[in-house]
Amino acid sequence: MAAGERAVEPLAELSHYVVARPIYSEAGFQDENERRPPLPPTLRERAQAACRCSRKRAFQITKSFLPILGWLPNYRVKEWLISDIISGVSTGLVATLQGLAYALLVAVPVGYGLYSAFFPILTYFFLGTSRHISVGPFPVVSLMVGSVVLSMAPDDNFLIDSSNATGTNVTETLIDTESRDAQRVLIASTLTFLVGILQVIFGVLQIGFIVRYLADPLVGGFTTAAAFQVLVSQLKIVLNVSTKNYNGVLSIIYTLIETFEKIGTTNIADLIAGLLTIVICVVVKEINDRFKHKIPIPIPIEVIVTIVATGISYAADFEKKYNAGIVKSIPSGFLPPEPPDVSLFSQMIAASFSISIVAYAIAVSVGKVYATKYDYAIDGNQEFIAFGISNIFSGAFSCFVATTALSRTAVQESTGGKSQVAGIISAGIVLIAIVALGKLLEPLQKSVLAAVVIANLKGMFMQVFDVPRLWRQNKVDAAIWVFTCVASIILGLDLGLLAGLLFGLLTVVLRVIEPEGVKILRFSSPIFYANIDGLKSSLKSTVGFDAVKVYNKRLKALRKIQKLIKKGKLKATKNGIISEPGVNNEAFETDEEPEDNQDLQVPTKEVEIQVDWNSELPVKVNIPKVPIHSLILDFGAVTFLDIVAVRSIKTIIREFERIDVRVYFASYQDNLISQLERSAFFDDTVRRDTFFLTVHDAVLYIRNQMTYSENQDPIFEKISLMQESKEPIEFTETSQPDDELDVQEEVCNLELNVSITYTILLALSLCL
């Protein structure tokens, strides 16, 4: 190209492409592309494939359950070991302090936080697929566990009279802290055990996909609300103000109100220590973030602050001089394993379900970030199993639920961690703290630990600035974020998460654009006997009417119209139904009016009646409006139909066909057609040409049909009758308990009532 010559712009026709193809129904697609199903394997071949076990296959199965067998033999000792040691020591120091701090959120003695930072790592080292996450407590999950603990073991359950304890006559209520703490530890460990069982079940059932329903806006709003809940729960510890333990709806509001009512009792020493810790930690963390490319190892500010605060508290004797709240007692060594209290399972099953999902979602989300960065894969189902077994194992040693903490994982990765060897080394550092260093931390003020927790919430609070960006990009996503956040603050974390999830699913439904007169219903699971009623309910709520009720009401109206025509009170013309001149329109008569069998002397010629069912009728029958002419069932996620579902869907089709609503199927899977063929689903009424490859194909077909028949209003029903007949025409009205038709009765009714025109003509022929 010559100098200064501009590049030639590509032709507009070549800058995009257009795909044109016919509208494919199932029958049309098969006619054009003959399907050749593969020959199914014989029973013998299936048995051989299931029982065959080579050495390679056995190793693959074992490696899938124990991922350590995949990465440990390839571990680069010379390149990675030093980095993992440095990373493990740094992460272990942070994990020690965070374990102590997060125990406050669970409302158990702080020493149990050390156990929770140690035991889960041991099992995840063998079973986990992420090489970089640091396993242990996380503030959001710890707070969810704490809410269960406080609801099941409140202070009011452990009140004792001081006269009984001291032998004096002065009566004053005290709290039996020893019994209370023991019960709370038992509840927390039992909950951890149950969460682990659920996670293992989820992993075995291969339902790791469930995390997909936790969209980024939902997770952002939920974690921000959780950060606010954590802040409020730790505020009273920083102030050293005694309040009741509220739980449930509006608990955070009640806690704030009581905290500010008692703010006059604030312990100044604890407040100053807490504020200084927050400021120092936030500033140093900001320095670590801004100069992370220049600082080889992040400054472990939590460790430094804790050591300094412990030394100052011990030297100045803050507990005796200023009545400061200190840790007081950290047990040395390990407690013997204890079984869970199975009798408590029924009281915590609902909370354990939400906790297991949230803990898994946090761990997998963080793990995928680093897996993408370092180009390896994470098995979501194996992660469920890994965390499940870790929590079962930890629950036996008085721990609370483990997942991963963002800050610890960031420390482990930024300090050079290459594998879970760094994690096992960090567990060794926590082990040293449990065995030898626990006593040295007893003078530490609780307000310092609470301040460490608050300082680590900065990243979660910064998510608030995502809302303006979401609002500019997608207002619905911004609404999900705000709704989930507000709901989680007001209702609590468990109910708030459920409300946010339902709201998010609702917005998906509302964002579906449907053509006028068409309803699209997507059912996202196999359909079988247990959930077919749910499909029927969803169908009724989606279309806004009950097809059986509409049909029966129309029959009732037609019976009245025919009766009034015979009496000469109404006249049937091709333009509709009108009153005779000079005759009062007494159409609004009751069903109890006796029939007049005398000759009404009406014209004998055949006329055609047009009934607009969505307009006001000349009879007193309240007929539900039918605003649609087509219904599309999106079966893209339906993988299985049992015989009950097949029969029920066939009944649904016929119910809608009777009221002039066509039912179409779209996005079905290939195996679904085979199942329907085996179940004798297709006949003269239910044809293959109602099945379309995509929803778009079905919509285009419907539009073409409407354009072709635009001169014929599909809502009008043409009825031919002979006015010379003196007997009322019989219309069969169907009735069934719960407004549902039996399959066999439905077939009989449909054979007798293929269309209303056919019914009338048949009755007239019988009269003649």
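Placement of Cβ uses the backbone N, Cα and C atoms for every residue, glycine included.
Those TrEMBL annotations? Automatic predictions, nothing curated.
Pulled from TrEMBL, these are the features on record:
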DOMAIN    508-702  domain 'STAS'
TRANSMEM  100-127  transmembrane segment
TRANSMEM  186-211  transmembrane segment
TRANSMEM  268-287  transmembrane segment
TRANSMEM  299-316  transmembrane segment
TRANSMEM  344-363  transmembrane segment
TRANSMEM  384-406  transmembrane segment
TRANSMEM  421-441  transmembrane segment
TRANSMEM  480-513  transmembrane segment
Please tell me whether the transmembrane segment (186-211) and the transmembrane segment (384-406) touch - that is, whether there are at least 3 C-beta pairs under 8 Å between them, with each pair 6 or more apart in sequence. yes
Same-chain residues near the transmembrane segment (480-513), Cβ under 8 Å, at least 6 residues beyond its ends: 140, 143-144, 147, 213-215, 217-218, 220-222, 224-226, 228-229, 247-253, 350-351, 354, 358, 466-467, 470, 520
Between the transmembrane segment (299-316) and the stretches 100-127, 268-287, 344-363, 421-441, the largest tally of CB pairs under 8 Å belongs to 268-287
Counting only residues 6 or more past its boundaries, what in the same chain has a CB within less than 8 Å of a CB in the transmembrane segment (421-441)? 75, 80-81, 83-85, 87-89, 91-93, 95-96, 99-100, 111, 114-115, 117-118, 121-122, 124-125, 134-135, 306, 310, 327, 330-334, 412
Overall pLDDT of the domain 'STAS' (508-702), taken as the mean: 75
